[in-house]
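Written below as structure tokens is the structure these notes are about.
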């Protein structure tokens, strides 16, 4: 596949995923003012879809590379990065690599919280 074809597939999927996430936020976030319900549902949906795709790929290794670029890298990548994180952890758990899976979980959770905190602190410091 030519590079520009890959970029079109990824970009098309990303546009759809980002639009869905935005729409879910518009509709669901106002329902619970103190909680980003749209984001939570987007993460849950992305994890559910990547679980379906992972299982299909495991059962059918000939699964199209183009479809993976469109759905996983593009659509789910823009809908949520949590789905990729979830897939990596689950893949290790399924392979009974418990410590690696727990390590990935810890690194993502604590690392993201730390970097979010650093971003908040830097913004406060600059203002």
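Positions of Cβ are set from backbone N, Cα and C atoms, glycine also.
Its Cβ taken as reference, residue 80 (Na(+) binding site) is surrounded by 25 other Cβ atoms within 10 Å in the chains shown. Annotated Na(+) binding site per Swiss-Prot: 77, 80, in sequence order, evidence recorded as sequence analysis.
According to Swiss-Prot, the feature transmembrane segment maps to 7-27 (among others), an assignment based on sequence analysis.
Sequence-distant neighbours of the transmembrane segment (37-57) (same chain, 6+ residues past either end, Cβ-Cβ under 8 Å): 20-21, 24-29, 31, 63, 68, 71-72, 75-76, 79-80, 82-84, 86-87, 90-91. Marked as transmembrane segment by Swiss-Prot: 37-57 (among others).
Summarising the annotation, Swiss-Prot assigns transmembrane segment to 69-89 (among others) and lists sequence analysis as the type of evidence.
According to Swiss-Prot, the feature transmembrane segment maps to 102-122 (among others), an assignment based on sequence analysis.
On its own chain, residue 77 (Na(+) binding site) has 10, 13, 14, 17, 84 as residues at least 6 apart in sequence with a Cβ closer than 8 Å to its own Cβ.
In the three-state DSSP classification, residue 77 (Na(+) binding site) falls within a helix.
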